[in-house]
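Okay, so here's the structure we're looking at.
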């Protein structure tokens, strides 16, 4: 079809405008929705939303019930953008269906219909309601009769006074369909006034009707009668897809009927069906087509039953299966536009263009909802809407049709500047300019026209295909495209390269865990091409940064060798080297088998258990590419430290055996078992533990150890032992058999200790002789029988305290603070046990016996030294023996007086003189005071300054002569000696090592020490009889 010059100018203008501004028809962002407005609302306006995008920006208008709303004339309506605001809404004028129209230069679209309704609830008429009189046991219905209203209501009833509401149960029911109150069987407690309460669910307004008095008749009680269904659902009830359906059913009767529900076809109810209000209501949520059918309500009591039936039918508003999409198409082409919707009943279709019904003509036809327009022209452009509707609703789908006319243009889809291919391949050179209608294309290589031949062909979309490319095909190709509105051309340079080849490919390898390998991948390629290597492991691209601890790419520019370090089992698999250039790609694969220690065996089970054996079975785990050679069994109990190897039959379990018997188990112990597999590489991870099992019981085999005893109280024989560990008790009911007899008697006395943890038994009998020997043995038993006894050992009965006192007690003073006490031991036969020692009690002349102090000596000692005593004072003392049972009687009392204290005056004016061989000491005589011991002599204490070993020289003179052969300083002290001990020490004298021929000093001039010379030795002129 030829277009006029005016159309060409218009097309040209539209094309430029479209390129600059990207024009777009209106598309709704927000559409109005159904709205219910409370009449008594404090908000005095309603806003209906409408917003669309488009370029240029759309403008808006509205219709009410198909008539335009003129906002310039009616000031109750205002536009805010696309939103319509209704001021002071009136239910008489503003109720109806609203639609929004959005328009720009490309067309108009119409919104969905939005219904505006007004909700209100008027008051009940003020009139008295008649009294309802019934017999006790009779059913009754109290009518509500709601006042005029609009909008959904809910119902309740007040009993006597507000807000005491009637509680619904199996006897009382409030219908939310009619508002009536149903009482299945009236009782005396029901007498009173009943008021219907109606609430608007929209406005939340509540109104109360007039009270209805309910009284009991006095002419008797109603007898029993079968149920009478008063509340039932319609015989046919349409239900919308996705809605919530509620069916009510309630019956009067005496006794109170029970309500049950079922489907007539016997199918069970799905979980989404709920029974509410004591079965008086059946609720189906999210109603779907499979929920249709006949439902039955059965009311039943002891007098009979009645059934109400109704059928639920399914309907669905239209919903889209296929929406319209914007179409841009060239002039003179044909359009086939399909919109598809579903619903029940099946929807019908109609089309709008720019908000008006589409006018059909020879070119424009609608069939089954699909729109066909042939021989398109620019005037067909606009906004189209498909409407699908049935009696339950309608839906809109909108799209823009752009009919374009333009000369070929490569600006939006330019040809590639260069195409690289390899020798022998196939190449397609694209030529796809934007053109309406589609352009015709022809090709040139350089200045020569390209003609079709065996290897060269032209494609329908204008492209050029060349097969089995050769080097001669390289060059510059130009495509010229032309239609009735003009022509344009584009150029592509074709580069032909040599193919890439892998000259050193990876090969299959077999390695052990921990090794490192290199998989080679070296290529030969066209030098004009850049090359890139990639490695795939089991189909996944190797990330050398993430997996750098194991994988590294090595080699030169033409090499992509893969190094794998410290190979693990997880690295087994297929490796592919992928080599890619700008024109081709090649690859080579290799299998890498990694052999390692086997994986853990699986499904470890205990098939049979006895008292000392367990039959095990398991299945083989992964062999890590190295066959399993052997298996080992390990066990664990609550008493073991970790897992322990156990003996099995067979003793060596080869890799093909998956059963074994564990032997030498302890009876009545809970065991877990696991299996460890080994191959040439080494031992693998152990299996998961088996379930815990307990071996069967057996008679005990281990006797208690460390059987001994002794001690205890008078007339007792105490026997002790180490308890048998739980893991060696071999069964439940474990205890001990204790056997004993006096030494020399043949008959055993036996008793039982039932506690397995008890380590002792005490036998009490007044006839037991103290510290008499008994033969003792301890055996074991459990539910399965008795076990062995321990070896016989001798245990002594309990001791008694000694009955005699030590004899020949004597005491004498050793010094001013010490007295020695001595005695004779008591005979063994009179000790009544093993004698532990003696206790010495003592007190001074001025003290009381009750305040005496004690000293104990162990064993058979026959003397003790009392220390820390006061000087020149008489002390009294007595001795008694003791054993483990206690102490015996004290001996007779003896006494001794401590000696006087040593002199408190130290030796004074100690003077020393030294020659080359001698040191002479002199000091003043010490005189004792009247209360001090007389001086009997003196002690000279001396040592080298570098040692603590002190030597003592006794003398009865006030002088001493020494040879000092050691080349060290000496420290010297002098003390007086008496019967009462040593006196106070003189001041220390330091004699320096001798370095000169003559030296002297004294305690009064110790600081003036002269150095001594020569080799020093000590010559003792008196007998050394003590060390200090």
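The backbone N, Cα and C atoms fix where each Cβ goes, and this holds for glycine too.
Swiss-Prot lists 122-209 with the feature domain 'Ig-like C2-type 2'. Mean pLDDT of the predicted structure over the domain 'Ig-like C2-type 2' (122-209): 94.
Residues or ranges marked as domain 'Ig-like C2-type 4' by Swiss-Prot: 318-402.
As annotated by Swiss-Prot, domain 'Ig-like C2-type 6' applies to 499-593.
As annotated by Swiss-Prot, domain 'Fibronectin type-III 3' applies to 805-901.
The domain 'Fibronectin type-III 4' annotation in Swiss-Prot covers 902-998 and rests on sequence analysis. Residues in the domain 'Fibronectin type-III 4' (902-998) partition by DSSP class (helix H, G, I; strand E, B; coil) as 0 helix, 43 strand, 54 coil.
Residues or ranges marked as N-linked glycosylation site by Swiss-Prot: 65 (among others). For residue 65 (N-linked glycosylation site), other Cβ atoms within 10 Å of its Cβ number 10.
With a cut-off of 8 Å between CB atoms and residues at least 6 apart in sequence, the same chain places 159, 160, 211, 212, 213, 214 near residue 193 (N-linked glycosylation site), listed in sequence order. The secondary structure of residue 193 (N-linked glycosylation site), as reduced to three states from DSSP, is extended strand. The N-linked glycosylation site annotation in Swiss-Prot covers 193 (among others), and the record cites sequence analysis as its basis.
Using a 10 Å Cβ-Cβ cutoff, residue 377 (N-linked glycosylation site) registers 15 neighbours. As annotated by Swiss-Prot, N-linked glycosylation site applies to 377 (among others).
A C-beta separation below 8 Å, combined with a sequence spacing of at least six in one chain, links residue 468 (N-linked glycosylation site) to 424, 425, 426, 455. Feature annotation from Swiss-Prot assigns N-linked glycosylation site to 468 (among others); the stated evidence is sequence analysis.
Taken from Swiss-Prot, the feature N-linked glycosylation site applies to 489 (among others), supported by sequence analysis. Residues within less than 8 Å, Cβ to Cβ, of residue 489 (N-linked glycosylation site) and separated from it by at least 6 positions along the same chain comprise 410, 478, 479, 480, 481.
Annotation source Swiss-Prot lists N-linked glycosylation site at 765 (among others). The Cβ of residue 765 (N-linked glycosylation site) has 10 neighbouring Cβ atoms from other residues within 10 Å, across all protein chains displayed. In the three-state DSSP classification, residue 765 (N-linked glycosylation site) falls within coil.
Taken residue by residue with DSSP, residue 860 (N-linked glycosylation site) is part of neither helix nor strand, so it is coil. Cβ neighbour count for residue 860 (N-linked glycosylation site) (all protein chains, 10 Å cutoff from its Cβ): 9. For 860 (among others), the entry in Swiss-Prot reads N-linked glycosylation site, with the evidence type sequence analysis.
As annotated by Swiss-Prot, N-linked glycosylation site applies to 895 (among others). Shown in sequence order, 811, 845, 874, 875, 876, 877 are the residues of the chain, 6+ apart in sequence, with a C-beta less than 8 angstroms from the C-beta of residue 895 (N-linked glycosylation site).
According to Swiss-Prot, the feature N-linked glycosylation site maps to 913 (among others), an assignment based on sequence analysis.
What Swiss-Prot lists as N-linked glycosylation site is 931 (among others). If you take the C-beta of residue 931 (N-linked glycosylation site) and look for same-chain residues 6 or more apart in sequence within under 8 angstroms, you find 872, 900, 901.
Here Swiss-Prot flags 956 (among others) as N-linked glycosylation site. Annotation for residue 956 (N-linked glycosylation site): spatial neighbours 936, 937, 938, criterion Cβ-Cβ under 8 Å with sequence separation of six or more.
The Cβ of residue 913 (N-linked glycosylation site) has 15 neighbouring Cβ atoms from other residues within 10 Å, across all protein chains displayed.
Helix first, then strand, then coil: DSSP counts for the domain 'Ig-like C2-type 4' (318-402) stand at 3 helix, 53 strand, 29 coil. Annotation note: residue 65 (N-linked glycosylation site) sits in a coil segment as assigned by DSSP. A distance of 139 Å separates the Cα atom of residue 860 (N-linked glycosylation site) from that of residue 377 (N-linked glycosylation site).
A gap of 150 Å separates the Cα atoms of residue 377 (N-linked glycosylation site) and residue 913 (N-linked glycosylation site).
For the pair residue 765 (N-linked glycosylation site) and residue 913 (N-linked glycosylation site), the Cα-Cα distance reads 83 Å. For the domain 'Fibronectin type-III 3' (805-901), residue counts in helix, strand and coil come to 6 helix, 50 strand, 41 coil, using DSSP.
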